[in-house]
Protein chains: 2
Amino acid sequence: MTAVESVGEFRFECGESIDDLRLAYETYGEFDGDNAVLVCHALTGSQHVSNAPRSEDHEPVTDGPDGGAEAADADADADVGTGVQTAGQARAWWDDVVGPGKAIDTTEYYVVCVNVPGSCYGSSGPPSEGPDGEPWGTEFPPVTVGDWTRAQRRLLDRLGVGRLHAVVGGSVGGMNAVDWAKHYPDDVRRVAAVATAARLDTQCLSLDAIARRAITTDPNWNGGDYYGDDRPNPDDGLAQARRIGHVMYLSKASMGRKFGRRAAGRGAFGDAPADPTDRFFPYREVESYLDYNADSFTARFDANSYLYLTRAMDEYDLAAGYGSDTEALAAFEGELLALSFTGDWHFTVEQSRALAAAARDADVPTAHHVVESDHGHDAFLVEPESVGPPLRDFLADGVDGRAVRDEREESDGSDGSGGHSGGPDRAPVHASLFPG
Amino acid sequence: MTAVESVGEFRFECGESIDDLRLAYETYGEFDGDNAVLVCHALTGSQHVSNAPRSEDHEPVTDGPDGGAEAADADADADVGTGVQTAGQARAWWDDVVGPGKAIDTTEYYVVCVNVPGSCYGSSGPPSEGPDGEPWGTEFPPVTVGDWTRAQRRLLDRLGVGRLHAVVGGSVGGMNAVDWAKHYPDDVRRVAAVATAARLDTQCLSLDAIARRAITTDPNWNGGDYYGDDRPNPDDGLAQARRIGHVMYLSKASMGRKFGRRAAGRGAFGDAPADPTDRFFPYREVESYLDYNADSFTARFDANSYLYLTRAMDEYDLAAGYGSDTEALAAFEGELLALSFTGDWHFTVEQSRALAAAARDADVPTAHHVVESDHGHDAFLVEPESVGPPLRDFLADGVDGRAVRDEREESDGSDGSGGHSGGPDRAPVHASLFPG
């Protein structure tokens, strides 16, 4: 059950306000006053983080302007929120990690996950209903990761949650998690920043900009005004954006292993695009895979939301307003776990290392746990066996948790042969990223 | 002066034929019977490899069906060849490497560079004139790297060149160079394969497919039929394809160093795309750079040619028809230099290493020369100081050339600390690829 709560007037970082920010969220487990864990979703994720039983009572402690929560069945691809273009709820995106007896144990913690403003799973955003009863479209204010953090704080207030035991997030959700340590340094005990960075690098900024251009040059995008049953969506552009994103989420190694150069056989999804050279050259398995994924993505995600959320990710800079990452984290009273994956070129090990170093310089107890993996950025979603144990023990015991490794300790104990545990001064990219 | 020579009827690998294959080419230096060097251009390059003086006499020894060569001024962005859509000749793309006194010394060698079939710089291809007097468009036969090799052989016959002293090429031009050793193993003494591979990996296949999709989903592409003054070109799609390609040519390190996350200031090329969040977020320098490059690219390149040539690159597989790369090179009588760059993720060091290993297994005298560079794939174009010496000495003395290093020798002589010279068993990707 997704609930939708109105948190009233909200002023965005850009200076624009809306009268009634609505937030779609899910909660799991029971709140005992000190066990709340906020989980932050990635770019195109949703509040639906787990198939675990929802909390018995997730009604807010104070009523919003509309008089309380509204619920919808998010599991069955039903519309949620304002009923605008939110069909195709993302499936429970971290069900292997969040649930009863799992790493983020919902019998122990009260888990909250909120769809970020600007998204399309029930929270206010471009496809949601604006003041005139029509979808906001591009009149919706630009959003930032900081806006997400402040909106989550507002919702948690309504739920009666003061200090959080932990905030956990991956990818841009990891930026969101780190942003909690910056914006509300007294409000969170432990921050787990998974496969993330203090800011995106130039290469990824470029690919995101290219992805947005794919949407805005689709004639059906129509300046962002494409809502309504009689209007075509900019599916070609959004599909292209997704294909580009998908390549960013995988590694050379995982793509090579999974698809190689094989031609798609019978039963492949999709057709070769209308390309004159099709009459001689094959449609490849990897294309079929990307096309299948892009097609299902256009059925569940809104093109304007994609523009808004990638912008929020691109603009995030932990140091903004402070001068350095360390200064931005100086007031943080909690502990930090940075978890990174050797095959991830979207958010690299080096970026996590730099984030961890900045936190240590701010006297934050910090561990940088490096997972040897060639799954690329997707590793944090598809390797629960790697991600779960350090998360579980970090939530329980902080950086001293049993399964939490810090790469500096590993280096000390290594044989110096340059294995994956390389410390800050070692060349950190691994053969698994780029197979021969 | 670009010359255009008709080499008569040509049957492509796909089985289709055209009556009159025309090839645009340039020659530099004087042929002495044993000093011919064929230089193969990269994907969007042209026959205009150098600003060096052209050969005094580049008339073919036999006349083509049309009665000989046709010349045009390719330097001044003039149309060449059949006059269709070939404006904006690429600038001399390897002028730092090819010319009098340079690494490929035109006072010593007779240098020939041929625009490949399917391209748009005067050789037969989609934008050139077909049998009905109209541009071929998508009726032009699909082309392969093997077709390029056979077409070059045909032209060299007309020029009176039998055995080549060397074939040199970078990127897909390097595939073309290696293909010479496969197709005409007796016809070439030395093959220099620069920043290339025996085949593309899955990640690059994906990005090329996405780039083609950008073109074919541009409504102006119109099934490939967009020629004529009254028709718009698919510039949006071609520009997107180029932006994707451009990111592939650079490294994280070089992009970060050159542009960082800076907003574009006054004088930047282009405008932010029509994106609703522009009112708050900046247009970045890196976007301005990609947009500028994409814009100039659409002025000089043909969208259908881009489809054809990326397909040729994607489909190239040295082992095709043989079962292995080694078997494909078994008959080659010459020597091989594989030159690779540590920051290149389009054609990786590992891929060059595998190519070199296959050649050695075929008893081909081989050197794999690894250049430490963070310039990405572009290194072979922008680092003449790295590329020139090994090429010069390889042309002169083969793999024993003074400046030709083989990574295996380096490893033997190294201190084992895992520096850039890592041998076949060492983790080969370098910190410069992914800066912190």
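Cβ atoms here come from the backbone N, Cα and C positions, even for glycine.
Annotations in TrEMBL come from automatic prediction, not curation.
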Range annotated as region 'Disordered' - as stated in TrEMBL, picked from A:49-83, A:119-153: A:49-83
Among A:ASP344, A:ASP378, which are recorded positions, the residue with the most C-beta atoms within 10 angstroms of its C-beta: A:ASP344
Cα-Cα distance linking A:HIS377 (active site) and A:SER171 (active site, nucleophile), given in Å to the nearest integer: 8
Across the domain 'AB hydrolase-1' (A:102-384), average pLDDT on the 0 to 100 scale: 95
Inter-residue C-alpha distance, A:HIS377 (active site) and A:ASP344 (active site) (nearest angstrom): 4
Inter-residue Cα distance where the pair is A:ASP344 (active site) and A:ASP378 (substrate binding site), in Å: 8
